[in-house]
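What follows is one structure encoded as structure tokens, with my remarks underneath.
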């Protein structure tokens, strides 16, 4: 008896329809193209080989209580330049009896976890009871210059020329000694013959190189005394106080001149010392001061200014019973590009009250890893381009954009059945997708990879099949390209309108960045909608072609036992070919059909400039589908007599 056997696609109510460019699909499941990621609190780095840390006892491997005394792992401690009791500011000024460590090193990303050793608890005087405002200014300049340099180093001995009449001085309020920088020089005079002494003229040189470290810019402390009145300084009738630094052209670059500037007018009778942080290029500088006292710059921090990079500052405070300041926090928050890591609880140590805090260890544990994105909100190492909340700037790397979960396109999954659908040139498929029309919104900086997403996704039709036609794909991508040009033009117009706002309002800069981020997110979601439609269409056509390949395989296996009367249908004599014979031909000895297909490999690589301010967005899109070994599922064998 002759019977008719056909391959028949079966779809029931459990399937959902997915429309695409070039073909449609029925699927039993669906999944979002990406999930939302949540940043991890604390610090991390983009590249383990290109960062360096500067620290103190909490990152010092040589501390006798290490690792219990540390807030970082052994791996991370190896990246730090640290010494117990040290700080960058202590090494800059060198107060008597304090640790003096030569801080220097190179790295694109710099992490600073130091500062606590110069705080109110240290009780450093030297003509100044409270150094917090100077510390704030010092740390701010360090973070600013570090963000523009690959290498930095303390220069602990500047070449100088001191006037013969001046000798090194000491102060009772400085442990009967004085700072190493500035150094105090005094003139001993014998009234009345020489009651005032001579004006001081000294010179110092900022080098272009210190050891192996290139110096294109120096951070120098310009220190001078502040007198409340002329009478306080002028007890000997020696005119007004002044201490001024000049560059080689005679321009004033630092200091105080009470010959032209008023005294404070307060009622005190003891001077205080002020130190301004000034940024100077290498060269020879002169210092002129009124008789009796000279404060001489003898140290600097030098920076090569060769590479911009992230800066992370970690809150550096004492545990209980010791007074801290928050200069590090304030300095970082007021410095563009500086990410601040802050505790939420009081510092509670393991080794003692001040070393080995568990919360800080957790916040710094990310330094052991590489992240795709680092930001003030935390760090992300997942590949998804979307996060639920807007990541606060500064941020560096490939940072996800804020999006709502329901706005992320879904792709078919599970059991897939192809059906005919629309062509790539059709702008309104039967079921509208989130696609090209949604793209023309807001601001967008976008660049498609050189080959175009079609280079990864579609390609030209070959003899063996696979993909939609080359002509159809080209028309579709030509439309995408034209729409992107419209977006670019709209972006330029919008930016020009915002220029005036930015020049007059700093808040506008922050508003603009948020506006651009939102527009980028909308545009990226639109691009994903296009990719989803292309994926669906490409899979649909690939599955249909695989059906014909399956039919050809059946015909070949049947040989003369079955005659193909139409695509996917055969006539067979069951008297000649029994059930086991039919199973061999149509079921491949129970090995087909299989219940699943190879998974889709859909990757979005979001690339941005490494610096957040003024960055542009590049969108590199790759989407690949493996159809080479695809075996169709969801196929029933229909038998009729």
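Cβ atoms are placed via backbone N, Cα and C, with glycine included.
Note that the structure is a prediction, hence the values are computed from the model and not measured.
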Swiss-Prot annotation, N-linked glycosylation site - which of 175, 381:
381
Selected residue, Swiss-Prot feature N-linked glycosylation site, from candidates 47, 117:
47
Please name the residue among the glycosylation sites 47, 130, 381 whose C-beta has the most neighbouring C-beta atoms within 10 angstroms.
381
Spatial separation of residue 381 (N-linked glycosylation site) from residue 47 (N-linked glycosylation site) - C-alpha basis, Å:
12
Roughly how many Å lie between the Cα atoms of residue 130 (N-linked glycosylation site) and residue 381 (N-linked glycosylation site), rounded to a whole value?
42
In this predicted model, what is the average pLDDT of the region 'Fusion domain-2' (352-637)?
61
Quick one: what's DSSP say for residue 381 (N-linked glycosylation site), helix, strand or coil?
coil
